[in-house]
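Look at Swiss-Prot and you will find Asp77 tagged as active site, proton acceptor, backed by sequence analysis. Here Swiss-Prot flags Asp77, Gly78, Arg82, Asn151, Glu152, Arg162, Asp181, Thr192, Ala193, Tyr194, Ser195, Phe196, Ser197 as NAD(+) binding site, drawing on sequence analysis.
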Amino acid sequence: MAAQRYILVVAHTGRRDSLAAGVSVCRQLLAAGVVPVLSEGERRDLLAAEPELATVVALGAEVPPAELELVIVLGGDGTILRAAELVRGCPAPLLGVNLGHVGFLAESERDDLETAVARGLAKDYEVEERMTLSARVKVGEEVVYESWALNEATVEKANRERVLEVVIEADGRPMSSFGCDGVVMSTPTGSTAYSFSAGGPVVWPGVAALLLVPLSAHALFSRPLVVDADSSLAVELLEGAGGEGVLWCDGRRAFDLPRGARVVVRRSPIPVRLARLHPGPFTDRLVRKFTLPVTGWRGPDGRD
């Protein structure tokens, strides 16, 4: 007898379009003999809308994350980041169907939902691993907080009226100090997110690197930096100067930073796994997602 298959469905069930998509996906999974799994809250929302889907089970209470085969994510990049948090450290890849705006991490659009689910059921996808960050906060010699991020760990000022006074470091060595609104430390995946909005470079996801991008720095040397993926980056809030800060990991997990706190970011050994239906050059994804103008391109001339 074949083992029971479990697929997690992550949807923003507070939105009508996302809830409807979640209902559609659950029906398609059940028709294929696969058990849909949802978080407790999203399962309640789903059953309130469609009581006949009572065979849908709850994540954790009935099915542990380690038993999941796949995660189907219905929404934009924020929903994908939430899904990555739910299954952190588990082998199940994330298959994103964009219901948001840019949806840079998503693999398909709403019109292709049924086809995307069918390919997920058939295991007709490739798995791409994306690097993540580990973030550690130290006050003196004490580690007071630890977290992780797929996109970025950002140190921001806690008070709009006070700038942050920081020292930035690479590989345990001081590089510069300045006043700023914050500092973004990013993965290549995050280079098209907050880092990009702050003026950082786009880094191809296959590049092993970390990025550091100052936010509105009052300094002559405040350029974005790209360092080796095995380097460490750190931001230290100067004692007795500037305001207090907040560490945000992927814009989801926050920790208040007192003056003197030091945030150290390194490459995490735990990647996020993405299910890819359309493998191809990252350039094509960049052009498609950002609707970049390429009119007039005549193709390689044979001399490349």
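All positions are counted from 1 along the displayed chain.
In case you wondered, yes, glycine gets a Cβ from its N, Cα and C as well.
Feature annotations (Swiss-Prot) mapped to structure.
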residue: Asp77; record: active site, proton acceptor; DSSP (3 states): helix
residue: Arg82; record: NAD(+) binding site; DSSP (3 states): helix
residue: Glu152; record: NAD(+) binding site; DSSP (3 states): strand
residue: Asp181; record: NAD(+) binding site; DSSP (3 states): coil
residue: Ala193; record: NAD(+) binding site; DSSP (3 states): coil
**OP:** For the NAD(+) site as recorded (Asp77, Gly78, Arg82, Asn151, Glu152, Arg162, Asp181, Thr192, Ala193, Tyr194, Ser195, Phe196, Ser197), determine the largest distance between any two Cα atoms, in Å, rounded to the nearest integer.
**Re:** 31
**OP:** Counting other Cβ atoms within 10 Å, pick out the least crowded of the binding-site residues Arg82, Glu152, Ala193, Ser197.
**Re:** Ser197
**OP:** Run through the Cβ atoms and count how many others sit within 10 Å of the one on Asp181 (NAD(+) binding site).
**Re:** 16
Subject >> Cα-Cα distance linking Ala193 (NAD(+) binding site) and Asp77 (active site, proton acceptor), given in Å to the nearest integer >> reply: 9
Original post:
Given the recorded positions Asp77, Ser195, and counting only Cβ atoms in the protein chains shown, which has the most within 10 Å of its Cβ?
Top reply: Ser195
